[in-house]
Structures are given as structure tokens and as C-alpha cells.
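K.L.:
Let me give you the structure first, and then I'll get to my questions.
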Amino acid sequence: MRCLVDALILSANSVSLLFMEAAKDMEFNSEQLNYFKICYIVTDVLTEALRVTFKREWDRRYKATFGEWKDDPKSGRDLWKGESPQKRLKYADELSTMMNGNRCEWNCSMLFYGILHSDSMQCLSPAVRSNVNKLKVFRNEFFVHKTHGVLSDKDFNRVIAKFSAAFRALGLSTLPIQEIQVQRSFPCQELKEVLKKVDLLSQELQEKNLKLQVLEDQLNSLIPSFCYLPPRPAHEIVVRDFEVAEIIGSLKQLKSINANRLTHMYMSGPPGCGKSIVAGHIGERFFNSAKEISPNTAFVMTLSAESPEKFLMSYVSFARMVKCPEYAITNTFLSKDLSISEKITTLMSLISTKITHYSSWLLIVDNITSMSHVEVHFPDPGSEQWGRGQLLITTQDTNCIPSLRYFTQHFSLSRGMSVSDAHLLLAKLSGISDPKMEKKVAQVLDFNPLALASAAAYVRHVSETKGDSNFGWNELLKRLELGQLNTTVTASLGFQNEFASLSRVIQLAMKDDKIIRHTVSLLAMCAPRPLNLDVVMNFLHSLNEECGRKEDVERRLGTCSLWLLVKGKNGINIQVYRIIHDVLKTVTLKNFLEEEIWAVFCGAVRSFNQFIEDGAASDDEVVPHLETVMKATEDRSWLPQGETKVLSDVPSGFLTKLGEICQSHGKLLLAKKYLHLAKELITDDFDRANTTLLIARINADLCEFSKALSHYEDALPTFLNKLGPEHLEVAALYYSLGSVYHQLNGLSRAKEFFQQSLDIRLKKLGPNHVEVARSYNNLGSVLCDLNDVERARDYFEQALSIYLKELSPTHLDVATTYSNLGLVFRAQNDLEEAEEYLKRAFEIRSQNLGPNHICVATSLNDLGVVYCEQGKLRKGKELYDRAVSIYQGELDTNHHYVATATSNLGSVLNSMGDLQKAKEHYERALEGFFKSWGPDHVSFAKSLCAVAKVSCEMGDLSQAKSLYEESLNILQKTVGPENAYVANAISSLAFVLREIGEFEKAKEHYERALHILSQKRGSGHVEVASIRTSLGLVLLDLGDLQGAEMQYELALEIYEKTLDPEHPGIANLYNNMGVLFRTSGNFLKSKKFHEKALIIRRKRLGEKNVWVATCYNDLGLVHHELGDLAQAKLHHEKALSIYLETLRPDHLYVAHSSSNLGAVQGKLAEWKKAKENYERALISYRKTLGPKHEFVAKCCSDLACAHEKLEDYRQAKYYFEEALIIGKNLLATKHVPEHVHTKEEFP
């Protein structure tokens, strides 16, 4: 921004200076005049053109609703109302003028916003958006880069051409540009206007620059000192003078040795050893000492490293404390494009610009659980910017502390407190001073600070609340011995002594204090995360405990050192350290009876429900605890006998509500458990049916469609009996049943249920309700799968019409319908329309959901399919990559969406010739489908086909055949033997059988596939035509040229009835018919069909497309057979050029084309060129097919001939021998092809 401001000022100043110098005699050279002309175009002509464009686009959208744009306040208010709150805030300055409605008051920036970025101008046509954006870029480039006020004739004409082209594309008159272009002088009045505008621009920009400088100076002048320490526990503590003094001394010594280098002090120890408390005392003393030397340039900051989220929040606080720009902090923190690690790195960069203003500082990195995840975000020890400070790092991850160097030291607290500090702590917290007994207690509790504090607080509590003034250290030691835990329990937990000490203290606290006991039992069942105090109060009341006022409970809990009471956004929270939480679970749940566990469970369910009903906090705080509560019950055997009695105190509605909350947060398995439990308690049939519906929806979300279907069907009779057959809730249930049947490929049943839902909604809601539109959408999707594309399109268009009347044009339902229409146009092979609609869907979803939502990824995936079908493989791959990245970031790595996009990425890699990577992606997708759906699902079977396809292309026909057979078996079991999916699998298997030379079996399979598809789709379906094309190829292999020709003619007849005359499918058939007639020796007829295929493909796909190259390749083969070697060479060269430009250099098509060109060059005695092409082909064949493939043998033989003709007999002998070795190993049924034809048929 700053660079752009400076550039604009410099450009404006240059104009002013030039005019002042030229004004002496009012003579300008041509380059100055060129510059003035462009200034006029940019400041006057462009602005007026944008005003016209804005009005035209507005009227096109809103003439029938808001009315034409009339440059009045009403029009301005209509525009303002259409803007989102975010846009109103972000563009407040622009909109304050624009809402007056008068376009004459709008500058270029406002007009560009109104056209390109306004919410009211969504779904601009690509031509308008592209050309308006070009004008914006031209304008900015001109002002930024032209700083000398001159423009050469060449540059002037280039800029004029750019503006003229954009104006023409926008349908604007270019006459004003032409008049300026031919003008030979600059009239005085126009000159004054331009100068005035340039001066105003210069003045405005200088004012903004001055404001920016003032703000920057203010920010840099604010260098506050601050001391931000780790949180202290609510109970009393003592300063551990011995350790604090020793570590501060070490810090001073480190800094004296490393005056200008960042030093590291590692402080380690097990949980409960007091690392954070000691670090806080060190920080406090460090700050007090530093303030005496430099009161305004010192700070202490604490970064909580317990989790990545807390670490990030600490860095955000750190950046704010050192007065980094708030907009930079907020933008970084809220960015959806950055990971947590990247956000921290960005914040560190911001902080580093401020840290140099401080002369002394200490950064406490507290409570590191994994050093390897955190240390990457430590400042670089060698950085000059961070060289004045020191790091104090607390961790229990002692194994990962790096080896000590001259700027690092390590201090361990694992030995516990010193004897003197332990005595002081026990005496202070207990109110009893007995050094001899204090030493014994400290020894029994291993000098662990947390255990000592808990024990002392327990002694004080018993003596005060029980009136037992004689209760002291002797009594405590006796109770500790009686409650000592089995050592085998503690030995496996890593911190044996600390764990045992804490366990003894917790058991004692629970024994004599009901509030502590019940709180511990609840905390043990919840997650080790902050728990709101109101939940604890609700829990205590649910147990009918007389616990007094909330303030009294808070005070009692605050004296307990087992947890911290911290203030959160929604009140006081109880926070338990993880190690203590583990001890709580061991002491309670592991020793509770089943009835006690279920009593705690029931109390927790009631408590969380009441907490949610009170509206005290968001559900986000509750869900982690609900997950752990349910898991705690599962650690035992299922409900004990008398379960109804145990759970009878919990209303089923409570469990249902918790299940719904879990569902809304994506915890579907957890939601299902709560709902199943609720269902067992419900006695009312209709309530039970409603809960069954909730379970069914979760089953559907989990892709457990068979279970979902069973639950929906269970609920349907109850809904019909209770509500009647025409109730809207029945319509919704029909809608859900249709969706499940659709997923299970039960298309006729899906269509039936969607129709029933639509009929009810039309009757009850009328024809223009959005629910009716949703029914139209789903019916259209089913009809698409039934290949009734025209009717599907009608339904989608009806849905879109309703949505545009009832909803905003940028509503997500509109995007869904655009997406559906895009898929219809793709099915009709209108790829340009498909691309346009899918882009609209993508834009709306991106705007509403952000760039990383799974719906945006779905749009990217669909667009990628269209681009690939257009032959734009690299663009398709780019979109697939983005889709996979979004899915992986938002979903489980084995989710079926991830698998689908990964499979598509494999497909484009396959088309680009990277077979190995394609296979890796297909196999990854296969694993995802297996884990999402299991081995008996259609998607898994289709994924097996994809792996088989690439295996086939890599020459592993045995594996391909095995995979196709496995896929076929799955499909026959899941969808039945007479299904279209089965027919496609049989066709794919036939392809492999043909490849391995089993032509009769291949023919039988194609005929079986043809029979099924004819029955299911009808004899005139395009898929039937495709199978006939494949059958024709097999008949060609069998020498049945007449049969092959008949199949091709039948296929062509279907295509001509069902497809556009220029459909790529017809082009494919023409090319295959060309192969047929070339095989039969009718080369002229073959040439005719290849040329017809070429005409269609060039028109639909463009010159630089792989399928166009295939036509050139086959025409080259025909010309070769006709003896027209010059034409053969020309066509093969065109084919090879396109392949090299669009595919990887080692793609099989590149190899085939190189080999065919080499054959022609050999006939023309161009042996050196032939050798080069054979060598290129051989490299690709070896890499993609392996060293033992028949194509390798053929290529070696051809290369040997070339070397022989070039009299390089040693190389000729080498390649002849290699060809011979491979040939001997080939199957007798296989032959080495004379020419290589790039096949049109794929499994």
C-alpha cells in the first residue's frame, strides 16, 4: 500500500513539473503529449465508460425488481441494502458516497468496487469481469510505473490498443479513445481539467501518506513495559527462594557470556513439581530488577505451550503487548489460508520489528508437552533482533532438551522442593509448625509441591471444619499409609512417585469432604479441559447435596490445590492439569461401582442440560465433556441390571438434546450413542419415532445408508398414523427416504419418494416455495442418474426460477442448482455452458463459505472434470489438487469426498502419462473408499476398476484382470447382476481380455454388457452405442470386418439421434471407423472418417488437444499406407508436437507418435532423425511399461535398423539382441505391432 501511494504521488508530481516547465512556451514534444492523452483517458474516458457499464449491469439484473438505475438516492439505497455487513464496514468510505446514487460523484475506485466486488453484482459474465478487471490493472500499472511524464509512441499505441480492446469487449464506444489518439495538441481547457484532477489526486495521496506516517510514528513511539506471568493457583503458595535464586544467577551468568545473543534456560520436571510457579517468581524478580535499570524498556512475557491453539493465542497477546498493528494481528489470526504454525511465524515476524526497542526482556515458554512441535517457533539464537533477551522454557519433555551449548543451560526440578521450602509450605498452608513432622510428611510425599500443598490444605480443612483440633501430621501419615495405592497401578504411568503421592492426597480429600468428593467424581468423568463452575453447582444440586451458596462452594473449591479456578468468557472455570486428571480418573472411576458410575453419568447429563438451557455459554464448551462422559461409561460393562431404575431420573429429552448438540458439532458417533440411550427410555411412540429419525439422519451422514433406510422405514408408519398422509413432516420423511434410496442406487424408489414429497409440498406450500424447489432439485438428480437428462434439466430450471424469486441470487441453494445444471450440461456435452454454471456455483460458495469449505472443494472438483473433458489437463489437475487439499484439511483423510477427489486426480495424472503417480492416487482413493464404505460398496468397486485400468496401461494385465473380476463380483452382490454398473464392469473386463488376446471371451463379455445396457437403458442409449463401438473393435481383432462395420453403423445411428452432430463421442466413433477401414485395406474411406473426426475435434477442443493429436497420428498412418510419405510425415510431426506440448515427455502417446514418425523418416532415409525419435520412444516405453513389454521389443528392433543404416553396427547388434530376448519371453498369442495406433477405447 505504501509503495503504491508513493508511486502515485511521484507520478502526479511528474505531471505537474512537466506542465510547469512546458508552460514557458506552451510547446510539448510528442512523448509528453502521449502521456497527457493517456492521463485524459484514464481520468475522464475510463470513468465515464465504467459509469455506463455499471448502469447496464445493474439494469440487466434489477430492472424488473428495484427498477432501472436513475442516479437518485433510491438507487443508492438499493445498492447499499444489497451489501453484506462485512462489505459495508470494509468499504464504508466508498459506500458513503455511492449510496447517494449519483454516478457522476463516483470515482474510478468506487466504480471498480461497484462492478467487480459489490454483492449486488454477483455472477458477472466472465467477459465483463475479465475486461473490467483488465481496465483496472491498466489504470494501476500506468500510474505506478510511469513516473517521468513521458510515453513513447510504441508504448502509447500499445496502451491505446489495450483500452480499445477492452472497450469493444464490453460493448462500449471506442470513439472517445480514437479522438484522443489522433489529437495533435492539447486544448487549454482540457489541460486545465487534467491538471486540476492530477493536483487533487496528488493532494489527496499526500494527505493519506502524511496520516500513514503519523500513525507509524505513534506506533513506534509507544513502547510499554509489561510483566505477563504464568497464572497462579487460587491456594496459598510459598516462594521457593533456593531454586529461584539459583536459576536467576544462572540467567545472569548466561547473559554476561552472551551479551548480544539470545540465551535459553530449560527448566524441567514431572507434573506437579511447580515449574510454572517457579517460572512466575523468576519472571517477577527479573522484571523488578530490569525496571531499576531501564524502567520503560523491559518486559516479561509468558507463552502457554500446552497446545498449539494456546501457543497461538499467547503469540497474539504478545504481539498486542508490544503494540504491533492491530489490523495485521487480526488479519493473521483470522486468516483461513494459514495454518497455526504459519500464523505463529507471521506473528513472530511482526514482533521482531518491535522487539529491538527493548533493552532487556525475558520470554517464558511455559508447560511444553512436546518440544519438537514448539521449538520451531523459538526465536533464532543468532538473530540480532532478538539478541537482547532470554528464554525460560518449562517442560516435562526432558528427553528432547537439546545438548547444552554456550548459550543454553538446564535446571531440573524433579528432585522436588528443598527441605526448607517444604517446611515453609507445609507450615503456611496447614497453620501447624512442627519441623520434625513436616520433614517426615515431605519425605512420604516425595517433596512434590502439589502433593505437599494438597496435604497441608487437607489438614487445615479437617481441623477447621470437623472441629478436630488434634488432627495433625501424625494422623495424616496414618491415613496416607492406609490409603496407599497398589504400586502396580502407578508403575505404568511414568511419574510413579508423584502419581502415588497425589493419589493418596486425593483419596483423603474425597473421604472427608462431600463437595470435593462429588466435584472430583464429575471432573474425573469429564474431559481434561476447563469446566464451568455452574455445571459443578448443577451437579451438586442434582445429587441433592446441601452445598450452600455458590460463593461458598467457589471459596471451598478455591482452597483446593488440585485445580485452578480461572476466569473465562462465561464465568469461573475449574481447570485441572492433565496429570492430576489422570490421577482423578484412577482414584474414582477405576474404583467406583457400576451404580456409582451411572449415578455420576445421570447427574452429569442433568447438569449439562441445565447449563445449556440457562444460556450461560456456547455448546462448544460442552461437547468435549460429553464425549468423555460417554466414554467413561463405556469403559465398564454395559448398563447393569435394573438399568431403567438407574436412568429413570434422567428425562429422555435430556439425552436427545445432548445427542442433537453432538450432531451439530460433527460428533456423529457420539450423538448416535446418546440418541440410542434416549430411545430406550422413551415410552411415547411418536417421540420414539422422532428420535429414530435423528438416528437415521446420523446414519446417512455416516454413509450407513442401509441402517438409515431401516430407521426411516421404522418411523414412517408412526408418522402416517399420527399426522396423516399429507402432512409436511411426512413429506420431509419421504424426501429423506428418497435421498437414501438415491445413495443406495435404488433410483426408481428414490424417484417415487421424491415425487410423493413434491406432491405434498406443492399442495401444502404452493408452487413457489423453496421446499418445492429442493424437491425439484432432488428429482432432477435422480433423473440425471437415470439418464433422463432433458427432464432433469427442466426440474433444475424450475428450482432455479423459484430460488431466484424467493432467495438472494447469492444464496447457497442457488449455487447448488447452478452446480446441478452444470452437471446436466456436462452430460449433454455442452462443456462451455457446464463450465459457466459450475463457475457461478463456485463463486457463490466461495463468497458465502470461504475458500476452504468442502462445498467449495466440490465445485473445484466438478470444474476439474469439465476442464479435463475439454482437454485442459493441467488446469483440471490444478483444481483437483486444490479440492484434495481442502478436503484433507476439513475432513478425515479416509472420507469418501477425499477419496473421490484423489481418484479424479489419479485420472488426470493417468491422462498426462504419469502412470505410477496415477496408480498411487487410485490406490489411496481405494483405501479411502474401503474405510468409508467397506468392501461391498459401489464406490469401492468402481475404485477397483480405476486401479485395474492403470495397471492395464502399465502392462500388468494379470493384476488388471484380477481387479476387474473382484469389482464385478462386488457389484453383482450389491446392485444385482442386471445393473448398469455391472454392465460397465463387464465391459472393462472385456477390454483386458482383448488386450491379452482372448478375443472370443472379450466378445462374449461385450455382448453380455450390451444385453444388460439395452435392457436397462434402452437400445437407443448412448452407453449402448459405446459398448457397440468396443464390440466392433473386438470383431475387428477377430477378422470379422463386416460384423465390426455393422456395430459401428448401429452405434453411429444412435449417436446421430441422441447427440449433437459435433459431439466428441461421434468423433471417437469416426476415428474408430477410420481404423476399421484402414485394417480392411480401404485407405481412402479410412482417411475420410479420420478427417471427419479431426474436423469435429478441432472445432470443439481446439488445435492443441491430445485427441486432435490422435487424429493427426491416425491420418499419418493412413497416408503412410497410401505411400504419401510427405503427408504422413507432416501429420505425425503435428501429432508429436501437440503431444509434447500437452503431455509429459514420457507419456505413451508421445512414445507411440515418436515411433510412428520414426518409421516414416526411415522410409524417407532420414535415419538420423528416425534414430532420435526411436530413442525418445524407447525411453518412454521402458519407463511406463517396463523393460519386457512388446512395444519395447518393437522399438529396439526399429532402433537397431536405424543404427545399421547409420553403419553403427555395434549398437545395432546390441538392440537386435535386446529385441530378441524380449521377443522370446512374449506370449505366443501376442505379436509385435507394425504401427502403433493410439486407442480410442478405455476401460
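Every residue gets a Cβ built from N, Cα and C, even glycine.
Heads up, TrEMBL stuff is auto-annotated, nobody curated it.
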K.L.:
Write down the single range among 121-148, 793-820, 1045-1072, 1157-1184 that appears in TrEMBL as coiled coil.
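P.N.:
That would be 1157-1184, per the coiled coil entry in TrEMBL.
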K.L.:
Of 188-218, 281-311, 746-776, which span is tagged coiled coil by TrEMBL?
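P.N.:
So the range that TrEMBL calls coiled coil is 188-218.
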K.L.:
Over the repeat 'TPR' (857-890), work out the mean pLDDT and round it to an integer.
P.N.:
86
K.L.:
Any chance you could find the range in 731-764, 815-848, 899-932, 983-1016 with the most Cβ pairs under 8 Å to the repeat 'TPR' (773-806)?
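P.N.:
That would be 815-848.
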K.L.:
Taking helix as H, G and I and strand as E and B in DSSP, count the residues of the repeat 'TPR' (731-764) in helix, strand and coil.
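P.N.:
The counts are 31 helix, 0 strand, 3 coil.
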K.L.:
Just give the helix, strand and coil counts over the repeat 'TPR' (899-932), going by DSSP.
P.N.:
31 helix, 0 strand, 3 coil
K.L.:
Tell me the residue counts in helix, strand and coil for the repeat 'TPR' (983-1016), as DSSP assigns them.
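P.N.:
Summed by class, the stretch gives 31 helix, 0 strand, 3 coil.
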